[in-house]
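K.L.:
Take a look at this one; I'll ask things after.
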Amino acid sequence: MKQYIFNIHDVVLLMTAAECLLLAVFQSILPTRARHDGRLLTAFLLIIAVASGCTLLLWNDQFTVAPWFEQTLLPYLLFAALLLKGPAIYLYFCSLTQQKIQFNRHQAFHLIPALAVLMCITIFSISSSDLRQVADAGQSLPDTAIEFIWDLASLVPFVYAVAALLQIRRYRHALKDEYSHYSETELHWLSALAWGVLISWSWTMVVHVVAKFSSDVVADYMGIADNYLAFILINAFFAYSLTYAHQLLVTQPQEEARETAVEEEPSEPAIEKVRNAMESDKIYLKKNLNLEQFSERIDLPAKEVSAVINKHFGTNFFEYVNSYRVEAAKALLSDPDKADMTVLDVLLESGFNSKSAFHRFFSRLVGMSPTEFRKQALAAGTATQ
């Protein structure tokens with residue numbers, strides 16, 4: 001008589017765990033930049049592998065292991081993984097978007113939820129049977145302890161998913177403070193990945209709430225869907241790490257940016273240096289100009305250049321440089337002697353290196369397309385002659 005140990009849904013969990021292990025090994029041997037993102041992704045994959053494997057062992061009654069492992073060690077491994085996946089993914093996003101991320105005592109705070117739950121498991125001697133809400137004979141366990149660790153296991157990852165999205169939002173602002181050009185493609189995919197994490201872990205939290213206050217049957221079906229979401233998410237993470245992660249521009253760490261913020265108003269000499277670099281030296285014509293290159297060119301600290309642009313000119317580096325480029329493009333488009341130049345030639349001559357960025361900026365600042373502006377400017381010039 002045949003007896004099936006796994007159903008198709010259990011196979012998905014098993015595949016997730018196995019794939020995470022394989023991808024973690026593959027990720028660890030890939031050449032990466034001198035940053036922590038590769039190692040953090042490897043850690044995240046290993047954590048998901050442990051979480052998937054432990055979930056399978058906890059809820060599949062027909063798959064047995066040594067009693068000491070199932071009843072004693074399994075709860076520690078499961079909840080350590082569930083409560084560390086949030087910090088791992090948040091730090092991964094930070095390492096992708098920041099120039100350097102240092103692991104110090106402040107990062108140790110991310111371990112507090114996991115340590116609190118592991119301590120709770122130890123104090124109340126929580127076993128796998130307790131986690132399934134099946135109390136062992138002769139054992140008294142406060143229901144609040146089990147509820148607390150399951151609540152925390154569903155809430156903490158959700159909080160870190162929100163934090164990852166906020167980190168990407170800060171990253172967008174930092175890019176505009178430090179770069180005159182950046183690609184939106186990698187950023188859109190990074191945002192999509194973060195939203196995928198938030199949706200997946202929000203779903204996990206909803207499953208927990210439904211199981212707690214409503215129907216266990218409905219929660220079981222929702223939990224199965226959650227396993228499929230996790231499998232899709234893991235593949236998306238690895239695909240992103242191979243295709244787009246290495247193309248992201250890095251920004252100044254948030255802590256360092258706060259430390260170097262200039263409180264007082266910028267000096268007149270600093271303002272003149274910045275203005276002369278733009279109006280006399282036309283530094284904006286340099287493609288892919290960033291704040292560091294700008295500050296080196298005029299021999300001013302980057303924080304002071306940023307303060308001049310933010311406080312005196314009331315804008316960010318991205319807008320400031322590209323507004324000059326648009327003015328240069330307008331001059332070329334309205335010059336009858338340059339009428340034979342294509343729009344592509346004009347945008348390259350003005351310092352832009354992206355057609356989409358040029359059209360987006362020009363249309364927003366001028367109120368019409370470059371072609372329309374050229375027609376009107378040349379027609380007005382002819383009429384005045």
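Cβ from N, Cα, C; glycine included.
Note that TrEMBL annotation is computational and uncurated.
Per TrEMBL, transmembrane segment is recorded for 6-26, 38-59, 74-96, 108-128, 148-166, 187-208, 228-245. What TrEMBL records for 272-376 is domain 'HTH araC/xylS-type'.
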K.L.:
Counting Cβ pairs under 8 Å to the transmembrane segment (148-166), which of 6-26, 38-59, 74-96, 187-208, 228-245 comes out on top?
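P.N.:
It is 187-208 that shares the most Cβ pairs under 8 Å with the transmembrane segment (148-166).
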K.L.:
Counting only CB pairs under 8 A, let me know which of 38-59, 74-96, 108-128, 228-245 has the most with the transmembrane segment (6-26).
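P.N.:
Counting Cβ pairs under 8 Å, the winner is 38-59.
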K.L.:
With DSSP as the reference, give the number of residues of the domain 'HTH araC/xylS-type' (272-376) in helix, strand and coil.
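P.N.:
Across the domain 'HTH araC/xylS-type' (272-376), DSSP assigns the residues as follows: 76 helix, 1 strand, 28 coil.
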K.L.:
Residues of the same chain, at least six outside the transmembrane segment (108-128), with any C-beta under 8 angstroms of its C-beta?
P.N.:
57-58, 70-72, 74-76, 79-80, 83-84, 87, 90-91, 136, 139, 141-142, 145-146, 148-149, 152-153, 156
K.L.:
Top stretch among 74-96, 187-208, 228-245 for CB pairs under 8 A with the transmembrane segment (38-59)?
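P.N.:
By the under-8 Å Cβ criterion, the transmembrane segment (38-59) pairs most with 74-96.
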K.L.:
Residues sitting near the transmembrane segment (228-245): Cβ under 8 Å, six or more positions beyond its termini, same chain?
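P.N.:
Residues 12, 15-16, 19-20, 23, 27, 30, 37-38, 41, 44-45, 48, 52, 96, 185-186, 189-190, 193, 196-197, 199-200, 203 contact the transmembrane segment (228-245) from elsewhere in the chain.
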K.L.:
Over the domain 'HTH araC/xylS-type' (272-376), work out the mean pLDDT and round it to an integer.
P.N.:
92
